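J.: Let me give you the structure first, and then I'll get to my questions.
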């Protein structure tokens, strides 16, 4: 008698292809800048009996909870099916787990990692003083209703950037994507095991942008 097959269906997000950019950025922020020093990185590996392979990045969060981002390869060996590459975003505690959206993942990560404006920045801005902190994860605020204080601090932060005859926007983009650029150049040196001085802290562009999530 043929055994019944039990299927487990989980929601995933389609991505266009391989995830080297994602892995390189995680390693850069974990080993170079130390922004993600507490994050556990499990490289690309085979999963027991399964035909597909995956990698895992586990973010310890506040309150003994975790966010896990799993990247999958070779999901659909039959040609013509859905994309062979996907990612799954899961938030879990000891007794509960649920899948989350990229926007929610950004908020969860920013709740523990990457600096943001401190409480005293509003008073400094009112007095016309230079801000002592900034938000290195602006994408995490996109899905939220921003407060007037946050919007005002963003404007002050943008006005504090040096203006260079129309190149301010280009300069901001270069700073915003600094982590990705350095990660592409740096993942080779990480493989060689060379030791270099710690790099300056980088902005995080957001989960959806780094993974290039399609749907």
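Including glycine, each Cβ sits where the backbone N, Cα and C put it.
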J.: Which stretch does Swiss-Prot mark as motif 'HCCH motif', out of 78-109, 110-141?
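T.: That would be 110-141, the stretch labelled motif 'HCCH motif' in Swiss-Prot.
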J.: Out of 56-69, 154-167, 168-181, which range is noted as region 'Multimerization' by Swiss-Prot?
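T.: Range annotated as region 'Multimerization' by Swiss-Prot: 154-167.
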J.: From the ranges 37-46, 147-156, 187-196, grab the one Swiss-Prot calls motif 'BC-box-like motif'.
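T.: When 37-46, 147-156, 187-196 are checked in Swiss-Prot, motif 'BC-box-like motif' belongs to 147-156.
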J.: By a Cβ-Cβ criterion of under 8 Å, what residues six or more beyond either terminus of the motif 'BC-box-like motif' (147-156) are in contact with it?
T.: 117, 121-122, 125, 131, 135, 138, 141
J.: Round to the nearest Å and give the CA-to-CA distance linking residue 98 (phosphothreonine) with residue 147 (phosphoserine).
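T.: That separation, Cα to Cα, works out to 28 Å.
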